[in-house]
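Colleague: Mind having a look at this structure? Questions to follow.
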Amino acid sequence: MAPEMDQFYRSTMAIYKSIMEQFNPALENLVYLGNNYLRAFHALSEAAEVYFSAIQKIGEQALQSSTSQILGEILVQMSDTQRHLNSDLEVVVQTFHGDLLQHMEKNTKLDMQFIKDSCQHYEIEYRHRAANLEKCMSELWRMERKRDKNAREMKESVNRLHAQMQAFVSESKRAAELEEKRRYRFLAEKHLLLSNTFLQFLGRARGMLQNRVLLWKEQSEASRSPSRAHSPGLLGPALGPPYPSGRLTPTRLDMPPRPLGEYGSPRSRHGSGSYGPEPAEARSASQLEPDRRSLPRTPSASSLYASSTQRSRSNSFGERLGGGGARRVRALVSHSEGANHTLLRFSAGDVVEVLVPEAQNGWLYGKLEGSSASGWFPEAYVKPVEEIPVNPMNPVAPMNSMAPMSPMNELPSRSYPLRGSHSLDDLLDRPGNPTASSEYWDSQSRSRTPSRVPSRAPSPAPPPLPSSRRSSVGSMGAATDVKKLMSWEQNPPELFPRGTNPFATVKLRPTVTNDRSAPLIR
């Protein structure tokens, strides 16, 4: 047998075996998976029907209320629209079941027998033709050896059989390739029909939802404004905030939806609320009484949520910080979040707004200034930012002579206290009569050597005195304290006044290396 004919035969048999051993089993598995898909969709459709029916009932309840009729109408319309889309989707599933799965299952059963018979017929026919051709070639060889006069006719017969054999193997291979292509085309055309049905469904759904969603959004946003049915007594003054003055914690449902861009940031996800940032009116009410947080040892998402929900009337930022709001600190070193997304990442020099009044086990919770990132960070990584002290006589106007950002008022680096147990800040912050504190300072400066100097950054002025005492001694004490502090800043004392340096008489001996103590190296 010629090598090219044998190659054609092997290729044809490989195609038939591929259809029988790979394509048909894969098609059977596809039918099985499609039936599972149908069952899952029917379960999903039933669950969706129950869900949107429940939404419709809630909307009908809202229609009966006096404040949420518009929202109830929106819920009913949403439920009807989704149920209508669900019924349209069932048409797509029916197409998938009737035009695809049933045909594939039926064709698979028929095709398995057809391909098996075709393969057997081809194999038998090929062997019969090959045996006949081999027999004629043997007879021709015998006649040529005997010089038979019929050898020419036998040779013509062999050539004719060889041509027929070659045409048969070529045609059989083309038929096998065509059968293989028809099966893949059948699968592609059926799924193309399914995709077209999905496209029609999505087009109808888009046309149905495009205008309705915009209308629902406008009506929902309009419902955020106070209702005309409410009396002014319930909402407070006509020009006041939209929330009553007694409401300290706005509900999460009143907050606008979170922008889509915030879902990509893990830190903003942990730092924001469940429903997004608070609106302006809710923020003004919530600042009346901030959090009193009880935190665990290690910050976590649960502790963050717990700290944002616990409130206390007796302990707020306004009472702890004198109404000044959250304090600001500056980062000394960089801090990375690592694998814990509840930690705050910042670089050295960044300013962080502390949202927790006191450190909890060495951790502070704050928000990075200039961004929406918030989280936990070690207290040792930051230092307080110099604040502008407030004049006790006029709490609104700051003291210009104590501005911390002025280079003339900043003390040199050697002005840190070395041996003193108190500083100027301790004396200024001591409660009581400012005159008594100034007299104590005068006596201390005269009786002792000025070995202690004020710290680099002057601390804020002491809290205002009660109204009965502030009227009598406020101006005198404040003026005395300011003068003392200005004199210390302009003429700081020497680090070691003459005769007070304990190391002035110390003389160091020259060191000598004892080479005999070195190891012996051979």
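The backbone N, Cα and C atoms fix where each Cβ goes, and this holds for glycine too.
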Colleague: Quick one: which of Ser268, Ser312, Ser451, Ser472 has phosphoserine in Swiss-Prot?
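Modeller: The phosphoserine feature in Swiss-Prot corresponds to Ser472.
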Colleague: Look up Ser172, Ser195, Ser334, Ser475 in Swiss-Prot and give me whichever carries the note phosphoserine.
Modeller: Ser475
Colleague: Which candidate in Ser231, Ser265 appears in Swiss-Prot with the annotation phosphoserine?
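Modeller: Record lookup, Swiss-Prot, feature phosphoserine, residue Ser231.
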Colleague: From the list Ser223, Ser272, Ser294, Ser467, pick out the residue that Swiss-Prot labels phosphoserine.
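Modeller: Swiss-Prot annotates phosphoserine at Ser272; the rest carry no such entry.
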Colleague: According to Swiss-Prot, which residue out of Ser170, Ser303, Ser517 bears the annotation phosphoserine?
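Modeller: Cross-referencing Ser170, Ser303, Ser517 with Swiss-Prot, phosphoserine lands on Ser303.
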Colleague: Please work out the helix, strand and coil residue numbers for the domain 'SH3' (324-387) from the DSSP assignment.
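Modeller: With helix first, then strand, then coil, the domain 'SH3' (324-387) has 3 helix, 26 strand, 35 coil.
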